[in-house]
Structures are given as structure tokens and as C-alpha cells.
């Protein structure tokens with residue numbers, strides 16, 4: 001399956017009591033699709049997966065699948081640092097009708113490369129769906145090596161990688177050595193254009209909550225051969241891309257959505273709301289986008 005070029009790692013909306021708000025989920029899905037999203041990643045890092053209970057994740061998967069109704073791929077974040085739990089959640093997500101699976105590198109346990117290979121292989125074995133690997137060493141401590149990614153890419157239903165280690169040399173090595181059917185996605189909004197320039201398929205984006213149409217414009221300009229226009233857009237969008245990460249994700253993107261008039265609630269502990277200074281900075285960045 002082709003997941004598309006601009007995928008959104010969707011926030012999880014909460015109500016005033018901190019419960020998952022499925023009505024807001026529906027509205028958010030429609031908002032994102034109307035603003036250029038070609039695929040939705042549900043219950044990933046941006047969706048606060050570590051603080052969601054399994055029943056909440058399953059309710060999210062089911063709701064998003066129903067609302068999307070096959071318009072774009074729905075990718076379920078089923079990864080954790082417990083291989084058995086991840087595989088079982090993958091089976092349940094598959095039964096709910098999602099289109100793909102995303103699994104993060106196991107955090108805290110600090111597994112070896114061999115351990116990570118076995119972890120992802122077990123998750124892939126639990127489903128017939130395409131699986132996206134997710135490498136984010138800043139959060140998980142371990143870094144999935146290019147060699148291990150290449151080895152995993154030959155498992156038939158491991159078809160893509162969300163790469164968030166920020167290392168373009170590493171990305172080149174992965175793209176060079178994996179099959180043409182295996183796609184690399186930037187896991188950092190600010191590296192979208194550099195990653196595209198070395199052969200990445202697209203981006204799994206947080207900023208697309210706020211600048212979805214502009215992200216699509218940049219993607220289309222690059223793919224259409226207008227690299228100069230794509231570069232101009234990249235430079236224009238870079239401040240908001242960076243600004244959304246001045247506090248632990250998804251703190252700032254939820255605040256930015258609220259500033260723009262779409263309240264998706266707060267974040268769950270141990271995350272805390274942004275400071276007044278952070279909110280003011282986000283307000284400034286959003287206002288700058290309007291006038292630029």
C-alpha cells in the first residue's frame with residue numbers, strides 16, 4: 001500500500017476531564033483531511049501513546065477507521081517496549097480494519113540490534129498489513145542501525161521507516177541498500193526537504209496540524225521539479241516547525257491548535273501545559289505565517 005507523501009501523526013483529543021474525546025477525534029480527522037493530509041498515524045508519540053490505555057487505543061483506531069472510510073490510509077501505532085503486548089495490540093488493530101501498523105523502537109529496555117530485529121519481526125508476523133518502523137533514539141535511547149533496517153526491509157510486510165534520528169548520512173545508507181518498494185519518511189518536519197532531496201518518500205508530520213496546505217505545497221513543488229520554490233517554502237515554514245518542539249511533543253501542537261480555534265484539550269501527566277512564554281511564542285509564529 002502507498003501511504004502517501006504527507007502523513008500526520010495525529011494528536012489525541014481529550015475532554016475537560018482528560019478522557020479521550022471521540023467527537024473531537026471525528027472533527028480533527030475531517031480537519032486534517034481537508035488540509036492536505038494523505039495518511040493518519042493514530043496513537044503514536046504525538047498521540048500520547050505511552051499514557052493511553054489499550055482500550056483507549058482500540059477505541060481510537062475504530063473511530064478513525066470509521067470516519068476515514070477508506071479515503072486515506074489509517075496507520076495504528078501499536079509499538080511499545082513489550083514485544084508480546086505490541087504483537088497482541090497489532091492483531092487487535094488489524095481486526096479493526098486499519099491499513100497499516102507503526103511500531104517504535106523499544107524504549108527503556110536498551111535492546112541490542114539483534115533484539116530490535118527480533119522485536120520488529122515478531123510484530124510483522126502478527127499481521128498481514130504493511131508495517132512502518134519508527135526510529136527515534138532521542139526518546140528510545142537505542143538507534144536502529146542501517147544494517148538492521150536493511151535486514152528488516154526484506155521481511156515482506158515491513159515496507160517503510162519513519163526516521164527521526166536526524167542523520168542524513170544514515171538515511172542515505174538506508175535508501176541505498178533497501179528495496180525500491182521500501183520507503184523512508186522523515187520523522188522530523190524540519191528535515192522534510194533535505195530528506196526528500198536524498199530520496200525520502202515523504203514526512204510523518206506534526207506541523208501538518210497547523211500548516212498542512214503549506215506542507216503539501218512544498219511537497220508538490222519539490223516533486224514537480226521546482227526546487228527553488230520548495231526551498232523558499234521550507235525556509236518560511238521552518239520557524240513554526242521548530243517552534244512546535246520548544247516543549248515536549250505534543251504540548252505545543254495542541255496549544256497551537258487551540259490558538260487557531262481548534263481545542264483538542266490538554267496533555268496527560270507527566271507532560272504539563274506550555275508556559276505563558278511558550279504560548280506567546282507560538283502565537284507570534286502563527287501570526288507571522290498569516291502576514292508572510
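Glycine is treated like the rest: Cβ placed from N, Cα and C.
According to Swiss-Prot:
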type	residues	note
SITE	45	site 'Part of a proton relay during catalysis'
BINDING	46, 204	pyruvate binding site
SITE	108	site 'Part of a proton relay during catalysis'
ACT_SITE	134	active site, proton donor/acceptor
ACT_SITE	162	active site, schiff-base intermediate with substrate
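Sequence features annotated in Swiss-Prot and their locations in the structure.
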residue : record                                               : DSSP (3 states)
45      : site 'Part of a proton relay during catalysis'       : coil
108     : site 'Part of a proton relay during catalysis'       : coil
134     : active site, proton donor/acceptor                   : strand
162     : active site, schiff-base intermediate with substrate : strand
204     : pyruvate binding site                                : strand
Cβ contacts within 10 Å for residue 45 (site 'Part of a proton relay during catalysis'), all chains included, total 25
Which has the fewest other CB atoms in a 10 Å radius around its CB: 108, 162, the listed recorded positions? 108
By a simple count, how many Cβ atoms lie within 10 Å of the Cβ of residue 204 (pyruvate binding site), its own Cβ left out? 30
Please identify, among the recorded positions 46, 134, 204, the one with the smallest Cα-Cα distance to residue 108 (site 'Part of a proton relay during catalysis'). 134
From recorded positions 45, 134, 204, the one whose Cα lies nearest residue 162 (active site, schiff-base intermediate with substrate): 134
Rounded inter-Cα distance in Å - residue 134 (active site, proton donor/acceptor), residue 45 (site 'Part of a proton relay during catalysis'): 10
Express the distance between the Cα positions of residue 204 (pyruvate binding site) and residue 45 (site 'Part of a proton relay during catalysis') as a whole number of Å. 11
Using the structure shown, find which entry in 46, 134 (the recorded positions) has the sparsest Cβ neighbourhood within 10 Å. 46
